[in-house]
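Chemist: For reference, the structure I am asking about is given below.
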Amino acid sequence: MKHVNVLLAGGASRRFGEPKAFVKWKGRMLYECAKEALGEQTVIISRPEFIDRFQENGENEVYQDAEPFQGMGPLAGIYTAFKKTDGDLYTVLSCDTPLIQRRTMLELKRLMIAGADAVVPISDGQVQPLIAIYHKRIMPVLYDQLSEKRLRISDLLGRISVCYVQAENIGANPAEFININTRDDFSCLEEKSNSLKRD
């Protein structure tokens, strides 16, 4: 089966106040920290106004949401990755998760079993659908939901076969799953990162 790595970087960042993907932390942009957990061959899905900025930073495979679903959130991003690339299994990660470890993503990929449509971790009781593995066969379900403007990812998970994994069972640290929505979240990064051993 062919694997594709997908970084979702199309959020409006309203609560943060500026595009989170490009905010610098420890000398690197947040999206670069997240991308490190995926590997070099990564497709980025973003907003039209950010495409040039990613390309200027050396990113070659950057796409905007496929029509007619532009700006319709993470589901549109995942659908676009399916549509634009030739793969079977898609490792999906949000760009605002700078502490996620590569070993965690590899463990999730390893746990994709026959018949499952997705592998989704749970950390501290929170389901993490944007740090997950999806099979391309869910594309028709995604299309239907987007067409109906049902944009909640929890609705998608309710319609497909999901293998849920407790983060501690794959040796993942809860700190890995912090996602940066606000300035307060960003200010906690240093403290959270101190509890991690980087790969």
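Every residue, even glycine, has its Cβ placed from backbone N, Cα and C.
The GTP binding site annotation in Swiss-Prot covers Leu8, Ala9, Gly10, Lys20, Asp65, Asp96. According to Swiss-Prot, the Mg(2+) binding site annotation covers Asp96, on the basis of sequence analysis.
Help me picture where these features are in the structure shown.
Modeler: A sphere of 10 angstroms centred on the C-beta of Lys20 (GTP binding site) encloses 25 other C-beta atoms.
Of all Cβ atoms in the shown protein chains, 24 besides its own fall within 10 Å of the Cβ of Asp96 (GTP binding site). A coil conformation is recorded for Asp96 (GTP binding site) in the three-state DSSP classification, outside any helix or strand.
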Chemist: As a test of the contact definition, list every same-chain residue at least 6 positions from Leu8 (GTP binding site) whose Cβ is closer than 8 Å to its Cβ.
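Modeler: Set apart from Leu8 (GTP binding site) by at least 6 residues yet with Cβ under 8 Å, we have Ile45, Pro74, Gly77, Ile78, Val92, Leu93, Ser94, Cys95, Leu130.
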Chemist: Mind giving me a neighbour count for Asp65 (GTP binding site)? Other Cβ atoms within 10 Å of its Cβ, every protein chain shown.
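Modeler: Its Cβ has 22 other Cβ atoms within 10 Å.
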Chemist: Residues with Cβ closer than 8 Å to the Cβ of Ala9 (GTP binding site), same chain and 6+ apart in sequence?
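Modeler: Correct list: Ala21, Tyr31, Ile44, Ile45, Ser46, Phe50, Phe54, Ser94, Cys95.
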